[in-house]
Amino acid sequence: NLSTVSEFVFVGLSDAPEIRLLLFVLFLLIYLATMAGNITLLVAISTDSHLHSPMYFFLGNLSLLDLLCPTITVPKMLGALLLEYKEISFSGCLFQHFSLIAVVGTEIFLLTVMAYDRYVAVCHPLRYPSIMSTKLCAQLATGTWATGLLNSLLHTSLVFTLSFCGPNKIQQYYCDIPPVLALSCSSTHSRELVILLVAGVLGSGACVLTVVSYIYILLEILARNSPGIWHKAFSTCGSHLTVVCLFYGTTICTYVRPSSTYSPQRDRVVSMLYGMLTPLLNPIIYSLRNKEVKCALKRVISQVT
């Protein structure tokens with residue numbers, strides 16, 4: 001007497017009305033600050049000629065991803081907190097899942113491309129303009145987005161072609177892989193292995209390329225051993241390295257593990273780190289550590305005011 005699930009229900013962050021209102025205000029402020037920070041950075045990069053370089057082209061792509069990531073999940077969560085509307089249709093859950101995995105995957109690959117860009121800037125400064133040509137930058141950006149979409153298509157097809165005929169309460173505030181898999185009434189073992197294998201190969205490959213890029217950067221710095229080289233290298237790579245550590249740390253804790261270790265309470269906290277705080281912090285990190293971005297932001301703000 002099992003029936004096919006036509007909608008899912010998110011488990012709320014809190015059932016107490018006063019706590020829900022407090023969380024609504026808090027997350028709304030974080031979301032608005034994230035939107036404002038990344039939009040301002042995008043405007044600065046697109047309008048300021050001083051920022052028309054490969055590094056800031058990729059940073060603009062990162063800001064766009066940081067706009068999309070919370071927009072996919074936060075409005076639905078805010079609606080659940082304020083209006084207690086926690087339901088989402090099966091197709092709506094599928095689309096949300098596909099969009100989020102696409103954005104997260106694209107960001108992983110984009111951070112790898114940005115690491116390669118920093119490697120060329122430090123290790124081959126004279127050849128940097130010819131290596132990082134406009135054509136190559138466009139190809140790399142297109143490749144990251146295409147790979148992210150294809151990766152998400154595979155993961156979404158593996159998850160949502162399963163049978164869902166029993167419980168429909170998702171232990172999360174959005175449709176993510178572990179809580180959705182936990183609701184399936186069919187065997188998920190083989191698909192979990194495929195998901196972990198694909199995520200492991202792509203994720204570890206991207207991570208290895210990023211680490212190798214920074215190893216070459218470190219070796220180049222040690223080989224030169226010139227005055228001020230450490231400060232220059234840190235100003236060039238420090239922001240990106242900080243963002244990489246923050247993003248990889250939270251995503252690995254969320255996805256790179258079997259569903260048997262799934263903990264709803266812990267995962268809700270961790271997912272908020274990469275889903276809300278990381279997009280908020282990225283423009284701040286790049287603004288605080290980069291003089292060119294600071295100057296460009298001042299010019300944008302002065303024009304607006």
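Note that Cβ sites are derived from N, Cα and C of the backbone, with glycine treated the same way.
Now, the feature entries from TrEMBL:
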| type | residues | note |
| --- | --- | --- |
| DOMAIN | 37-286 | domain 'G-protein coupled receptors family 1 profile' |
| TRANSMEM | 20-44 | transmembrane segment |
| TRANSMEM | 56-74 | transmembrane segment |
| TRANSMEM | 94-116 | transmembrane segment |
| TRANSMEM | 136-154 | transmembrane segment |
| TRANSMEM | 193-217 | transmembrane segment |
| TRANSMEM | 229-249 | transmembrane segment |
| TRANSMEM | 269-288 | transmembrane segment |
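Note on the transmembrane segment (56-74): residues 27, 31, 34-35, 38-39, 41-42, 45-46, 96, 99-100, 103-104, 106-107, 110-111, 113-114, 117, 137, 140-141, 144, 173-174, 243, 275-276, 278-279, 282-283, 286, 292-293 of its chain, located 6 or more positions outside it, place their CB under 8 angstroms from a CB of the stretch. Model confidence over the domain 'G-protein coupled receptors family 1 profile' (37-286) is summarised by a mean pLDDT of 84.
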